[in-house]
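Visitor: Below are the features listed in TrEMBL for this protein:
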DOMAIN    A:9-62  domain 'HTH myb-type'
DOMAIN    A:9-62  domain 'Myb-like'
DOMAIN    A:63-117  domain 'HTH myb-type'
DOMAIN    A:63-113  domain 'Myb-like'
Amino acid sequence: MGKSPCCDKARVKRGAWSREEDAILTTFVARFANAGNWTTLPHKAGLRRCGKSCRLRWLNYLRPALRRGGFTEEEDGLILSLYGHIGSKWSAIAAKLPGRTDNDVKNHWSTKLKKRHVMLMSTAAAPSTPPAGVAPPATPPPALVDLEAALATVDDGGELTCEAEQLYAELMGLIEQQPTGHGQQRSLL
DNA sequence: AAATAGGGCAACCGCACCTGT
DNA sequence: CACAGGTGCGGTTGCCCTATT
């Protein structure tokens, strides 16, 4: 079948976004959030960008209430736990972390948590004391320990039990008490 | 001080799914 | 039902900064 490209690559600008472009996009999305789609947005806003690029920029960088960097131990633990159960479903994992984007979680995983995950796996395979000079993983909060146990009961369909959902809520409350917490903001265009 | 390697992050690419016609 | 356009998602790339040699 094949699909036509979403935009003319020869005519759209690529690469890093300038402050001006950010300002235009932010203003336009704020004013016309419900008046169109991502494909037509750059044209209406006067941006020489692909609609997908605009969407990505907004979701990962400009969206209000985003929390950038500074992942907490609770968040790290939750990511590790969820990855262990559902794999690289970054959007699903990010949905459980208020203010985090899938791209953010994905990058954090690749740069920090992947090593930790491998270490945990090897430690689990050979339950012994960690190698000299290697710090043991931080003790997870009680809610996370309970969540781990609840997740272990999740069936193959991937549906969370009521108990797991309840524990998620508890954990989310715990995370949102963090000083950097801004609450979740999911509504987009 | 210069060169190189590695880490971190923003952005792009392509595919799959959803939805309207 | 088939098709096309729009959107979401995961994987990958490329650039910049910092640490190391």
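Cβ from N, Cα, C; glycine included.
Whatever TrEMBL says is automated annotation, not expert-curated.
Can you tell me where each of these features sits in the structure?
Guide: Applying DSSP to the domain 'HTH myb-type' (A:9-62) sorts its residues as follows: 30 helix, 0 strand, 24 coil.
Here the domain 'HTH myb-type' (A:63-117) has a mean pLDDT of 86 out of 100.
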Visitor: Of the residues in the domain 'Myb-like' (A:63-113), how many are helix, strand and coil by DSSP?
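Guide: When I sort the residues of the domain 'Myb-like' (A:63-113) into the three classes, I find 32 helix, 0 strand, 19 coil.
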